[in-house]
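A.B. asks: I am attaching a structure below and will ask some questions about it afterwards.
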C-alpha cells in the first residue's frame, strides 16, 4: 500500500514538472523586468543592455553545452544554423530591443500586460501557415476566435484608456529614486515615459509578434536538433552577434559600455545568465515536451508578479484602464487555450478508434527452420537403396524423415524426394 502511494505521488510530481518549471521561469522573468527598469532609469543604453545580456548568456551556455552534451550532440547542419539565426533574431536581439524600448516608454506592469498578446498572435500565425484550423462550426473554434479578438480588444483598452488610479497598498519604497542619476539620459527617459505611451504600445505589440515567431521556429528547431543546451548556446551566440552589431551602429558613446559594481552589472548578468541561459533552456525543454501553446499559458503569471513587485519597490501606479485591459487579455488568453484543449482532447479520443478501424487484424507468424543435411530416422525401419532409381524404398514402422528441410511421411509405399538423390557409395 505504501509503495503504491509513493508511486502515485512520484507520477503526480513527474506530471507537475513542466508546470513548476514554467512558474520558476515566469518568476525569473518578473525579476528581469524590474531590473530592466532600474538599469534603464540609471541611464544605461537599452541597446547595450541587450548586447551584454546575450554576451553573458553565450559565455555561460557554451561551456555548459560542451560539458553536458559532448557525447550526444546531434549533427550541426545548415538548416539548424539558419533556425538558430532566426531564433536569435526574433527571440533575442530584435525582440528584446523592441521590448526594452516599450518598457522604458511605459512601465514594467504595462509591458508585461502587453506580452499576454503572444498566445493570440501565435494562434493567428499558426492559421496563416496552415498549422491550425479555424473550425468555426465547433465551440472550440468559436472560443479560439473570440479569445483572440478579446485579447486584441484588451490591448487596445490598456493602451488608450487610463482611468482612475487604483491604490492597492503603499510601501513608500521607490528604487527608481535611489538609482536615478543626474545625467541627461535619465531626464530624457522620464520625459519619454510621459509622452510616448502610444509608441511604447506599438513597440510592445511588435515584440509580442517576434516572441510568437520565435516559439514557432523554436518548436521546429527542437525537432531537428533536440539538444537543449547546444540550441540555447547557438541562439545566444547568434543573438549576441546581432545585438552587438546593432548597438555599435546606434551608440557612439563608448562610456556606455563600461560596467561597474552597480545595478548595471547586476541587471545584465542576471538577464543573461538566468534569463537567456537557464530560462531559455527550460522553455526549450517545455516547448519540446508540451508544445509552444503550453508555454504561453503562463504569461499572465508574469503580469501578476510584475504588478505586485512594481507597486511594492518601484512605486508604480495601477489605473482602471490597465486593470480592465489586462483582465480582457487574460480572459481572451484562456478562451484560446480552452478551445485548443478541447480540440486536443477530441483528437486524442478519436485517434484510437480511427486506428483500430483502419488497420486490419493481422496475425504475424514466424517460422523458424533449422537446416539439417543429415537423415534422422528411427533404427527400426529398413531402408533399401537402389542405385538405378531416383528414390528411396522405406519399409517398416511409419515415421517421419527430414532430408534437407524436406519432410517425408514414411510407410509401406516408397516416397520420392525431389531434388535430393541418394546414391550408393
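We count from 1, first residue shown onward.
Including glycine, each Cβ sits where the backbone N, Cα and C put it.
Automated prediction, rather than curation, is the source of TrEMBL annotations.
It should be emphasised that the depicted structure is a prediction, and the values quoted were computed from it without experimental measurement.
This is the feature table in TrEMBL:
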DOMAIN    21-158  domain 'EamA'
DOMAIN    199-337  domain 'EamA'
REGION    386-425  region 'Disordered'
TRANSMEM  46-68  transmembrane segment
TRANSMEM  80-99  transmembrane segment
TRANSMEM  111-131  transmembrane segment
TRANSMEM  143-161  transmembrane segment
TRANSMEM  198-217  transmembrane segment
TRANSMEM  229-248  transmembrane segment
TRANSMEM  268-287  transmembrane segment
TRANSMEM  294-314  transmembrane segment
TRANSMEM  320-339  transmembrane segment
A.B. asks: Any residues 6+ beyond the ends of the transmembrane segment (143-161) with a Cβ under 8 Å from its own?
C.D. replies: 110, 113-114, 116-117, 119-120, 123-124, 132, 134, 136, 197-198, 201, 205, 320-322, 324-340, 342
A.B. asks: By DSSP, how many residues in the domain 'EamA' (21-158) are helix, how many strand, and how many coil?
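C.D. replies: Per-class counts: 113 helix, 0 strand, 25 coil.
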A.B. asks: Of the listed stretches (46-68, 229-248, 268-287, 294-314, 320-339), which one yields the highest count of Cβ-Cβ distances below 8 Å with the transmembrane segment (80-99)?
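C.D. replies: Selected stretch: 229-248, with the most Cβ pairs under 8 Å.
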A.B. asks: Below 8 angstroms Cβ to Cβ, which residues of this chain, lying six or more residues outside the transmembrane segment (268-287), approach it?
C.D. replies: 18, 21-22, 24-25, 28-29, 31-32, 35-36, 39, 49, 52-57, 59-61, 64, 91-92, 215, 218-219, 222, 228-229, 231-232, 235-236, 239, 259, 294-295
A.B. asks: If you count Cβ pairs under 8 Å, which stretch among 46-68, 111-131, 229-248 touches the transmembrane segment (320-339) the most?
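C.D. replies: Against the transmembrane segment (320-339), the leading stretch is 111-131.
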